[in-house]
Amino acid sequence: MASAGSGGGAGAGGLKTYFKTPEGRHKLQYEKTHSPAVVHYNHSGKTVSQMTVAYLKEKPAGQGSTPSTPSAGSGMRSAAARLLGTGNGNRALSFGSNGTSRAVSGSSRIGGGIGASTSVSGSQGMANYDGKGTYIIFNTADTLFISDLNSHDKDPIKSIHFSSSNPLCHAFDPEAKDGHDLLVGVFSGDVYTMSLRQQLQDPGKKPVSYQHFINKDREKDKDPGQGGAASSRCTCVAWVPEREGIFVVSHADGNLYVYDKSKDGNTDWTFPTIKDQSQLLISHAKSSKGNPIARWHICQGAINAISFSPDGSYLATVGRDGYLRVFDFAKEQLIFGGKSYYGALLCCSWSADGKYLLSGGEDDLVQVWSMDDRKIVAWGEGHNSWVSAVAFDPYWSAPNSDETEENVMYRFGSVGQDTQLLLWDLALDEIAVPLRHPPGGSPTFSSGSPSAHWDNACPPTGVLQPSPRMRDVPKLSPLVAHRVHVDPLSGLEFTSESILTICREGLIKIWARPSHSENNQQHDSSEQVVGNATAKDKMLTSSNKAGATSSSFKQPSSVLFT
């Protein structure tokens, strides 16, 4: 879709080292990746690298270096972009094994689950990572890596080798009160919690003490559709915002388990038999002392991704069956759901205000869902292959925007297996809102086009709706399309100063925002523009959207292919 750049702006593989938006140039600052020397044998097939950005707050004075026994914590991965983690406690850490809590030392190994940890950069300077900082956590093969975002060193500062099962997903809790802020889900279906700060403080080759939650269903039937992979493997993990110590883990068998890290034992793993794999079934553990405390069977096939709204009220899931589902987490109730246009949905993400949801998947499209309207309100076309990650940019604001106005605009991004990063602008005045009570006749778009899909402006609670006709939903086009990696992309994160992308092989690129890069080169003549737009058109692409009323199906005046 986008051709590779050439000349002075081209990097390895003919890729450009910058891309442009109406705000200016985003320049490739540096890269992060793993050292080939520490990549161990890849168990059970291919592992896709995922990325988590973690913010650590400076440790309060007078506190020890070891976390307390797990008892409480809250937060979520998406909130980590704006929040900082708290300090550690001062008591010895314990962990659970088969539901039993017992103390361990930093050099212990549990059932061969986690092997040796290697400090890639050596023990020198490890003390520098005991305070405030921003870190990137990513997995490749059977190793979990930790890199310092603010360091230009390409190699990670820490690696933890999982000798029996590959780490697949992870999340950081920015408000963990006991020091256990890092959550890791592995291929076997087990999950681990540990202290990021304590990992950074330890220059040795053994992992620091952790808590281990065992999935006892991991030896059950295999999923032949996954090439022999265990159907109970972890697909996503998340801390529950505003719920101290509670986290959830989704699996490839359609189950989602709720855990309380303060509970050490697991006295009863028995949940009711699932008779219909396609039906929602929520069950609670018989014992109040055990883990997991609840099981949600959500769909037939894998739950591919989960995401909590910023306040923790709602949980969104997307699955192999192609449905997005949104639940009231506290009430354990399905609010609404909708289907992709084709194939599975692979990713989902909330806006910072909790009003909108993004999803993407095997139909190569990006969908925008409204919590108020309980349905898809826009779809975007621009990727040439599966969309693997989507995210709103919480740090971007519309040019000349007035927050008191109703016409709000959002910026979001998406990455896909086509190796491209796409940036999109979503202006609310371009989303067609039906007349809920028209004076006479059926609801219509603001442009006057009738639509049968919008007859029911807000579907009843708990209804899974089919995908609407594409012609009945406003279409978005990307603002920027840029080929950023050689390999397919698997993750996307926004920070206040940069945009981070990761490919499935574990190469991370940090793209500095215009205010942190070479603004004086933002009008470089090498930029390619689709639609023969002039430079003036390009700079007005975003700002025009914020204030002007337009047709429901208005397209951006140009798309930047860089």
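Positions of Cβ are set from backbone N, Cα and C atoms, glycine also.
Automatic prediction, not curation, is the source of TrEMBL annotations.
Here is what TrEMBL records for this protein:
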type: DOMAIN; residues: 137-336; note: domain 'Nucleoporin Nup120/160 beta-propeller'
type: REPEAT; residues: 303-337; note: repeat 'WD'
type: REPEAT; residues: 338-379; note: repeat 'WD'
type: REGION; residues: 439-469; note: region 'Disordered'
type: COMPBIAS; residues: 442-451; note: compositional bias 'Low complexity'
type: REGION; residues: 516-562; note: region 'Disordered'
type: COMPBIAS; residues: 517-531; note: compositional bias 'Polar residues'
type: COMPBIAS; residues: 540-562; note: compositional bias 'Polar residues'
For the repeat 'WD' (303-337), distant same-chain residues with Cβ under 8 A (at least six beyond the ends):
74, 76, 78-79, 235-236, 238, 240-243, 248, 250-252, 254-256, 278, 280, 282, 294, 296, 343-350, 352-354, 357, 359, 361, 367, 369, 371, 374-375, 459, 461-465
Report the DSSP secondary-structure composition of the repeat 'WD' (303-337) as helix, strand and coil residue counts.
0 helix, 23 strand, 12 coil
Using DSSP, what's the helix, strand and coil tally for the repeat 'WD' (338-379)?
0 helix, 25 strand, 17 coil
